[in-house]
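Asker: So that we are looking at the same thing, I have put the structure below in structure tokens.
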Amino acid sequence: MCVGADRTFSAATRPAIEGLKYLTSSKVEWNDDEESLQASSFSGVSKTGLVYNIFVAVFCSVGSFLFGYDSGIIASVITFDYFKAFVKNPGNYDSLSGAVVSTFTGGCFFGAALAGWTNDRFGRKRSIQLGALIALWGCAMQSGANNFACMLVGRIVAGFAIGILSMTVPLYNTEIAPPKIRGFVVGLAQQMIGIGFIVANWVGYGCQFLKNDIQWRLPLGLQLIPALLLFVGAQWMPYSPRWLLEQGRDEEARGVVYKLHNSRTAEDKAAAEREFMEMQQSIKAEIVVRSRRISDLWATPAMARRTLVAVGVQVFGQFSGINVLNYFGPTMYAPLGLNASQSLLVQGIYGAVGPITNFFFITLILDTVGRKKPLMFGAGSFVVTYSILTAIVASFPPETSTNHAAQRAGIAMIFMTSIFFSVSFGPVSWTLASEVFPTRTRSIGTSVATCANWAFNVLFSQVSNLAMNNVGWKYYVLFIILNAIDFVIIALFFPETKGKSLEEMAKLFGDDIDAREVLGKQHGTEKSDLEDKHVVEHVA
């Protein structure tokens, strides 16, 4: 006769128990001093390990290069005479050219939405390869389109791919980066967006001189090269160690952490082990309480705050108007007195300004001053630049004014907007949106934030060309108002996340999971079960 009930553990609980066994059996000294813990997460990474971290992040960011290239090249393509002839509808060209841009961004929205699931199911590495494979399909359709409908379908497919990559690249870089330089590593995604934009602008400038359909087919087809490189080369990228821990592949995760640290000396191995143990205890504790519901993003006040910060920083990045400048820059230069060729030349120069500024910012400033101050600086700066641009275009209309100094000042304000974006929302938005979530909701949270980015990108890309042609300078007033609101919200509600490990974000947002307490309870339950089992066997 049995006097005890046999208990079973779920598949989600067993990894936590195994993690506890390892933690309790390993000779690891727990350090409760926050500053020491932060230092250990970075100082033990060897120089070779840092080089490897950065190399992997740069290669992964080829996906961001694709994003930047497409954003830049379409601004040139929609101004080409042979592309206009291909569309065959001059009366509705403004609306149709807007559709060429917005179908791409619409595809990005749905790609980013799917990426939340693929990143959890197949991992960050495989999701990047999936995005690259779909990009090959979409870019081939655009370059080889035999009618406008085929072009739009190709834009949607390519957008779907970029949506996956735009969400996954910063997520992957976040999870492999040492805390002390996470801003720099994740900021490389924005850097590669900018480099893609530079390449696209100068390719577009050169292709305007071609005299047949190759004028627009060639620049669109060149996207196949980085897409193929990423698809093949990603095979040699390591898996995210945090994703491996979620899958119960702990030894593989430990191997990746050691590789990222280039752990050859005893000191390097000790630092890598400390980082792995911190990572493991936090993630194993989260597994016990994990669910995959989207409602988890607002289930508690702390999670709701995380979600609002991540979504807010992505939406506010769109309120900067930067993608309006990127997509329709040559169109915006016309009211400032430039012809089509001059507009493309200026756009090419404009494209180089942001990435150069961004490089110095992520290298020297971002991980020093943090996230919040640059965001406030950016929002305040946009209010100033758009105010001046609005005043110039309203006071000196190019169709009636010959004030070349005013026109040059207007162009300067567009350049200054790009510079200010590159030291604020450009690198910070991708970093902040991917680092605020705990591991259990990081994929779906980053996906939702990126979807919000693309939703507003669709909105602005569809209406901007029409707005600039119909209401002119009054359209810029919208960006003055939006950025003034951004400034106040960021100042009041955004936290500072500089230097925090991903596992320490819980304490910052007030929903700290005490990993040792959670795992300790599970260990106590396991011990009780073993005692019950012993009693049953003894009675039997």
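Including glycine, each Cβ sits where the backbone N, Cα and C put it.
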Asker: Can you say which of 11-31, 95-115, 284-304 is given as transmembrane segment in TrEMBL?
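Answerer: Residues 95-115 are the ones TrEMBL records as transmembrane segment.
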Asker: Who are the long-range neighbours of the transmembrane segment (375-397) in its own chain, taking Cβ under 8 Å and residues 6 or more past its ends?
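Answerer: Those are 313, 316, 319-321, 335-336, 403, 406-407, 409-410, 413-414, 416-417, 420-421, 423-425, 428, 472-474, 476-477, 479-480, 483-484, 486-487, 490-491, 494, in sequence order.
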Asker: Same-chain Cβ contacts of the transmembrane segment (184-204) under 8 Å, 6 or more residues past its ends?
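Answerer: The answer is 53-54, 57-58, 61-62, 64-73, 75-77, 169-170, 173-174, 176-178, 218-219, 222, 226, 326, 344, 347-348, 350-352, 354-355, 358-359, 361-363, 366-367, 422, 426-428, 430-431, 434-435.
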Asker: The transmembrane segment (475-495) and the transmembrane segment (151-172): do they have three or more Cβ pairs under 8 Å, with pairs 6 or more apart in sequence?
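Answerer: Output no: the transmembrane segment (151-172) is apart from the transmembrane segment (475-495).
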Asker: Limited to the domain 'Major facilitator superfamily (MFS) profile' (56-498), I'd like the whole-number average of pLDDT.
Answerer: 87
